[in-house]
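Presented below is the structure to which this report refers.
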């Protein structure tokens, strides 16, 4: 199942985790592509109503990321990860009973909150448990997650054509299975290092408020992620309606995402080559957002030709491959025992762009079509490039560039908001 290219140099104990991660991603992909269709076709809501359900889903996800990061050291990885997964399975099964819009919207928001609360804890655990191979492991997790999403989205429509109830049941079953796996997995492994017992947590002297005041750890990074998530809304809220408006085949948009998924798999050697030449994580983030800007600018100029949209997706996918695995690895390495808090905070800030993008671009499309959307996405990507470049300079001024043995250290209660260079 796992190719040697993806898993070489990884501890063998991670293999089962990666396979479980794939199946969990596959199950999660049963729900989110079908939300609009379910609201419109089953609950008989209009598309505007479906948009508000998606807004609530994104808002709940942002709150869940922040809550998960903030609760990590209070609950510990075992209770937070396994507990939130168990509650997620219940939320997914509750969708089987949601035969009207209010309970469905509440259940889908609860599902988004709970699964998002898991992510900072899971990433912090992975980054701290396997520090020596964290960069490679996060990249492999990213690839496996995308395989799961590709398979899940392909199966979602087939299963939903039989029964939406079956879709929700299988989704909850896969989540429950992942919870059971993580319970057994965490019982066998330490939480912070190979030698730490399962329930051992590092002594955290800094309060959440003190961590929050350390804006240099997260502000520019979060701003860059917010700008990028805003730009990425151009696909669903700009490119998709544009292709529909201009009479393209219904599968024209899905082809773009097929290209995205295939490139994530076959493009790994190219990404590996780039990362060997652009070694610093912050430099990879700058390059990723610059690629996004180039992709959207090219589409803005030549969007009337469908091949230009395909080319834009190719360039943007390379930007995605440089960004998605780098952020959790960078934050975990730089903030150590505080990683879950900052992963949740950066994720929550980034999700604000996902909230604003569809609203902004929906109005822009109604007023002026796709062209201004693509130029705004270009500008947002350029703003992300500036934010990441500024973040890189902040890190250098503090004296610890990413990749240094000690990273960027966050304060204890006695140190207040000062960094130690």
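Yeah, the Cβs are placed from backbone N, Cα and C, and that goes for glycine too.
Your range for transmembrane segment, going by TrEMBL and the list 285-302, 393-410, is 285-302. Same-chain residues lying 6 or more positions outside the transmembrane segment (166-186) and placing a CB less than 8 Å from one of its CB atoms are 16-17, 20-21, 23-24, 26-28, 30-31, 34, 77-78, 81-82, 85-86, 88-90, 92-93, 95-96, 115, 125, 156, 159-160, 198.
With a cut-off of 8 Å on Cβ pairs spaced 6 or more residues apart, the transmembrane segment (104-125) and the transmembrane segment (47-68) reach 3 or more such pairs and are scored as touching.
This prediction places the mean pLDDT of the domain 'Major facilitator superfamily (MFS) profile' (13-397) at 86.
Only sequence-distant pairs (6 or more apart) were considered; of these, at least three Cβ pairs between the transmembrane segment (285-302) and the transmembrane segment (308-327) are under 8 A, so the stretches are in contact. For the transmembrane segment (80-98), the list of distant contacts is 31, 68, 71-72, 104, 106-108, 110-111, 114-115, 117-118, 121-122, 125, 165, 168-169, 171-173, 175-176, 178-179, 182-183, 186: same-chain residues at least six beyond its ends, Cβ to Cβ under 8 Å.
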